[in-house]
Amino acid sequence: MLIKLLTKVFGSRNDRTLRRMRKVVDVINRMEPEFEKLSDDELKGKTAEFRARLEKGESLENLLPEAFATVREASKRVFAMRHFDVQLLGGMVLNERCIAEMRTGEGKTLTATLPAYLNALTGRGVHVVTVNDYLAQRDAENNRPLFEFLGLSVGINLPGMPAPVKRQAYAADITYGTNNEYGFDYLRDNMAFSPEERVQRKLHYALVDEVDSILIDEARTPLIISGPAEDSSELYIKVNKLIPKLIRQEKEDSETFQGEGHFSVDEKSRQVNLTERGLVLIEQLLSEASLMEEGESLYSPTNIMLMHHVTAALRAHALFTRDVDYIVKDGEVIIVDEHTGRTMQGRRWSDGLHQAVEAKEGVEIQNENQTLASITFQNYFRLYEKLAGMTGTADTEAFEFSSIYKLDTIVVPTNRPMIRNDLPDLVYMTEAEKIEAIIEDIRERTGKGQPVLVGTISIEKSELVSRELTNAGIEHNVLNAKFHAMEADIIAQAGQASAVTIATNMAGRGTDIVLGGSWQAEIAKLTEPTEAQIEEIKAAWQERHDRVLAAGGLHIIGTERHESRRIDNQLRGRSGRQGDAGSSRFYLSMEDSLMRIFASDRVTSMMRKLGMKPGEAIEHPWVTKAIANAQRKVESRNFDIRKQLLEYDDVANDQRRAIYAQRNDLLDVSDVSETIGSIREDVFKATIDAYIPPQSLEEMWDVEGLQQRLVTDFDLELPIKEWLDKEPELHEETLRERILEQAVEVYKRKEEIVGIEMMRNFEKGIMLQTLDMLWKEHLAAMDYLRQGIHLRGYAQKDPKQEYKRESFAMFASMLESLKYEVISTLSKVQVRLPEEVEALEQQRRAEAERLAKQQQLSHEVEKGALMSTTEAQIASGARKVGRNDPCPCGSGKKYKHCHGRLQ
């Protein structure tokens, strides 16, 4: 009550921010007549003037009014488009490290030109981030004439571009690209073997379009570059054949419930659980299929891999549905993005799930992958010095933007008042009744010339509505992942009178639906249109536009509520752009997944008690409240998951930053001999201390063991026993120094043979190679630790603290191994002629280039990860030989010192 009163008196924080910014808008408006008088050359000269003032120490904030006035005037001359006052407000919000919520149709793309220009003046680069390649290319090409008029360069960063082209794109003042591509380039740069292979500059300012989609919907989606593991496709096929024999039961067994089935599904957490009966049956089936010894338990350590396959196959059959979660096209399983309804070509689920779905669908099974490098979007975008974003719907997620990214959300007012009529939800008992009511509404709306957009949450639902409309004789277009290529054309005509368009979720996001259709699309179809033709098309469009407005504008129909209110608001936001008329209504049924999983049973029983007749809908505050509560519950749960993921990933992130900083330092220096000398001392001291403990009696020394170790690990044959026999006064300190001197001397002789420059290059190459190999192994170990750490909770320990403690110990151990492996490899290397060394180096580079070309990018969704497949490293499966295990060849040596050693 008190907060409401204070807000009434002083205004909300949003109001106060906008009030402050409006004063700056007034300043910019007062400058307009002055800037209109400037010639084109004088206007272009402003960029050089601003840069000179920045160099003298003036701040961007001081330059902002003039810079914005410059962009506005340039836009009027280049595009014949003038930035509205609200777009200037949006530009200021974006410059202040905030999220700007701007409604659909308010011109976010044009708004972005303001802060992009201002921040590009620093010469440190601006990254404009979009959700797909089409939008990146479209926005870059659309805005290029404006930026180039003002003397700024524009780059486009797209998948598959060669490194020199990417480097050029990143060197531009303003670079357009997708979130995935920026992230993958960052990871690839940190796997480079020379400074020339890197493409990115230091991350300065990121301007994220559709920021909610990237920083929230995809926050649980790590970007991963991975290499193939061993082939286990045969096992997936065998396990897949057994799953249909298992019967699903309604819920999990408990003290009060004992089912007759073999597994239960928890739809909330998207997990599958075997029952006791199910475990007995699957063990029996696995034994019969000769996949497991009779009498063995599926949960025994030797069957961990088998358990993994059974779980993946069960999830594939019980949780993942064709045409909802994925489609099968050209013998390939392609994931469908649950947030946009778009297909995600090349992306793959991890943890063997994708292979299990491929086995289920009977298509070719591709190899599993092992992580070589990974980062989440949360941590990638927090690397930028300055981050801002814009979207049509951010206010519902303002708390998350603030708590995770430290970004405030400012709601920018619309240029014209919003007059869309959002009608109350209608709730039906069954889905069939709901579909019937939707068709009736469509028939009524199109009868009076109103265009209709029907939003569905999956391809399956969009095809169901499409079939029913076809049966009812209503013409319509379907926009879903299967017809992705036609997206722009369908969206362009979705505003025509009586047009009916069915779209999955937010397909076509980023493209406005213009009432009366798109006149630009009509002109684009003509080759070299004349002025007269253009005027004729515009006049015909204006007539259609007015007719559609008179009919009520675009009507939105939601076929069910999404888990997030934000996605519902995005669907509604397609209508009522720029003050146009429009309306929206959601049709729900008690069979909808949100209602079934999250809304209470009380609502269903209440509706039954009301004695609803078939086809009758209910509009009741209780039902609306129950739906809102269900959505809030899901949003809160999803936020907790993202927050927890971030807390765990922050541990890995600190280590990642340390390793990548070390790696970049290595790349940038030409001489690492000092570092090698320093770690050689550490390694030899630790090795000698293990056999000759400091300040110990000679009787405690294991001289033979030390001699053997020096030969095995450092290829260093020293007569230590003879030295001690001949020189009784030789104590441990002088012995330690002599061993180190001998090691350095042997190394120097090798250096003389191959030459100093060649040796420096070789040292650097070995350090990078060893670092990459150990980091890859460390990532796999961290992954295993993360998967089982929650079990520590049963021992009354905090899993997060345990994870931090153990991962730090693992990291420290990895750094020690790095020192040891580098010195061991350099000591054991066989000296060859300089020409041979050069040939080997060229061979290694050629191999690295070949592997880089083979990279394909993919993306894990929900639980998994975004993977980029490369054959860079061969990863092992369940029974991998550990580096400290005995070598399988039977030599008796450790694997790392025998067939597993670095060549």
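Cβ from N, Cα, C; glycine included.
Record check, Swiss-Prot: ATP site residues include Gln87, Gly105, Glu106, Gly107, Lys108, Thr109, and the candidate from Asp489, Asp512, Asp546 also listed there is Asp512. Comparing Cβ neighbour counts within 10 Å across the binding-site residues Glu106, Asp512, the minimum falls on Asp512.
Binding residues for ATP (Gln87, Gly105, Glu106, Gly107, Lys108, Thr109, Asp512) extend across at most 17 Å, taking the greatest CA-CA distance. Neighbouring residues of the recorded ATP site, listed in sequence order and excluding Gln87, Gly105, Glu106, Gly107, Lys108, Thr109, Asp512, comprise Met102, Thr104, Leu110, Thr111 (Cβ within 8 Å of the Cβ centroid). Minimal Cβ crowding within 10 Å, among the binding-site residues Gln87, Gly107, Lys108, Thr109, is found at Thr109. Annotation note: Gly105 (ATP binding site) sits in a coil segment as assigned by DSSP. In the three-state DSSP scheme, Gln87 (ATP binding site) falls into the helix class.
In the three-state DSSP scheme, Asp512 (ATP binding site) falls into the coil class. Sequence-distant neighbours of Gly105 (ATP binding site) (same chain, 6+ residues apart, CB-CB distance under 8 A): Asp512, Arg577, Gln578, Asp580.
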